[in-house]
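Before anything else, here's the structure in question.
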Amino acid sequence: MVLLHVLFEHAVGYALLALKEVEEISLLLPQVEECVLNLGKFHNIVRLVAFCPFSSSQVALENANAVSEGVVHEDLRLLLETHLPSKKKKVLLGVGDPKIGAAIQEELGYNCQTGGVIAEILRGVRLHFHNLVKGLTDLSACKAQLGLGHSYSRAKVKFNVNRVDNMIIQSISLLDQLDKDINTFSMRVREWYGYHFPELVKIINDNATYCRLAQFIGNRRELNEEKLEKLEELTMDAAKAKAILDASRSSMGMDISAIDLINIESFSSRVVSLSEYRQSLHTYLRSKMSQVAPSLSALIGEAVGARLIAHAGSLTNLAKYPASTVQILGAEKALFRALKTRGNTPKYGLIFHSTFIGRAAAKNKGRISRYLANKCSIASRIDCFSEVPTSVFGEKLREQVEERLSFYETGEIPRKNLDVMKEAMVQAEEAAAEITRKLEKQEKKRLKKEKKRLAAIALASSENSSSTLEECEETSERPKKKKKQKPQEAPQENGMEDPSVSSKPKKKKSFPKEELVSDLEETAGSGSLTKRKKSFPKEEPDSDPEESGNKRVPKKKRKFSAKEEPLSSGPEEAAASKNSSSKKKKKLRKLSQEN
């Protein structure tokens, strides 16, 4: 009995499942289809043997790439060798992709089967996978699938920004469209302005120059000798400028109003701006072709090379085409018409616009177009698959085409292709080394600029952090100062003044040094009076005590005021001080009478 196993690849890992009742399953396909939708019945058919989860998203991407390319990854090899039976002839492995099945059969020796019952079983596994693996939810499985899908697509679409051929396709298409539009608009300007100045059409053939002249001349009656110099600048020819001036004096055109002239001038200015933009677009196309396909542009020209890339769809597609396809690229209608009518097939398509076919004789046009197509296919492959594209091979291929042309005309034998390619290889290596040196210098400069920028950002961030710290310190100090000032500001805010508080600064200001000195002199004078009083007690008893009392009172007053006046102020306290002084005088009189 053959053991049937099924390999299932999921975004979270590999799963190996074993099937029960293999013979019945192989016979009853409709029953299998019914069992797929029911989880309980599906569990009776399939059991999980082993599950190998991916350690990271990078490992999952590597395994997905390996499976898509039909390569057996080491993780898959380890899983199959570990969990499948050792007798390989008795094992049948079901896989979804025939490429990976063929690789497994070739490398590991297990018989693989695809399609039929295996497809139905894999459909059921895909539906119930989150129930078969423990710890896996439907939401996490969906997230893993989405992440792996995005990373797989990004890896497939990776490209070099400097070698994008999409921009070439768009620019050459726009260039062709601009040529058609400028031609149409110029014919409209010629017809419109020809009513007023019909002779100008015969003198000037270039569309852009005609539009510039129509914009500059305006009314032909105002054209005079003063404008002759400007006409010479526009036409780049003194004879044409003189002919325009003479034709304007004897023109057969109709008169035109100012409003019509304004409209003609505005329209011609638009056409002139379009032609200028067309020139800038052409320079952009040349620079882009020198980056993407330098060999092809050196061989056949930027415009023809870009048209070939646009017609093929990409540079890679053009590189895959054989030379016979490149030769008739762009002449598909003529080819199929010739095949249908059994006529002559076309000899050339888009490469007819190159200068080589035009320079060849009529009998040699087909031969040179075949030779040129061969060289174009070689140049496109070199540009597509070389790491450092250079124009060396294109220049050498161009020399070969020139030699072949001269051979057709004069019979001079050209050089062999082997010798030319050897020279090209030597020059290409030198050019590639120089290009890599330039790229390294540019990378070093870019890294230096990046370092300077990062250093400037770090310096600015450190300055900002220091300034923020200073601001935080200032803000933390400010409320402390306010707390000290609050008791002084509070009474003013309430509209009330505390006399004790308000008197302190006043009294401090009202005691200068001169008053203190006078106080000391008065105290000294009172001391001398008391001594005299002791030496003459009986003389003038009434007057002496009064004088001494009057002279002692200010001393006590000064002492009293120095101790207690800073705490009091106002008329009430002044009255109280007067009462106290009068009481003291009375006491002194009593003492003097007793003495």
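One is the number of the first residue shown, and numbering goes on along the chain from there.
Including glycine, each Cβ sits where the backbone N, Cα and C put it.
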According to TrEMBL, which of these ranges is coiled coil: 58-97, 258-297, 338-377, 418-457?
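TrEMBL lists coiled coil for residues 418-457.
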Counting only residues 6+ away from its ends, which parts of the chain sit with a Cβ under 8 Å from the coiled coil (418-457)?
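That would be 387-388, 390, 392-393, 396, 399-400.
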Could you break down the residues of the compositional bias 'Basic residues' (581-595) into DSSP helix, strand and coil, giving a count for each?
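Across the compositional bias 'Basic residues' (581-595), DSSP assigns the residues as follows: 14 helix, 0 strand, 1 coil.
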